[in-house]
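**Student:** One structure, as C-alpha cells, below. Some questions next.
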C-alpha cells in the first residue's frame, strides 16, 4: 500500500508516510493533512 505523502489529506497517522503524522493546521479541526 502506498503511503500518503506530505500535505495529503488523511484520517489517521498510519495512512501517512514514515515520519509524517496526520494533523490539522488548527488543533482538532478539519481538514487534516500528513505533515512533519
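For all residues, glycine too, the Cβ spot is worked out from N, Cα and C.
Sharing the record's features from Swiss-Prot:
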DISULFID  3-17  disulfide bond
DISULFID  10-22  disulfide bond
DISULFID  16-34  disulfide bond
**Student:** Ten-angstrom check, please: count other Cβ atoms within 10 Å of the Cβ of residue 22 (disulfide bond), all chains counted.
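**Tutor:** I get 18 for this one.
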**Student:** In the structure shown, which of the disulfide-bonded residues 10, 17 has the fewest other Cβ atoms within 10 Å?
**Tutor:** 17
**Student:** So which of the disulfide-bonded residues is most packed in, judged by how many other Cβ atoms lie within 10 Å of its Cβ, out of 3, 16?
**Tutor:** 16
**Student:** Return one of helix, strand or coil for residue 34 (disulfide bond), based on DSSP.
**Tutor:** strand
**Student:** Can you give me the Cα-Cα distance between residue 16 (disulfide bond) and residue 3 (disulfide bond) in Å, rounded to a whole number?
**Tutor:** 5
**Student:** Would you mind checking how many other C-beta atoms are within 10 angstroms of the C-beta on residue 34 (disulfide bond)?
**Tutor:** 22
**Student:** C-alpha of residue 10 (disulfide bond) to C-alpha of residue 3 (disulfide bond): distance in Å?
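**Tutor:** Pair distance, Cα basis, whole Å: 10 Å.
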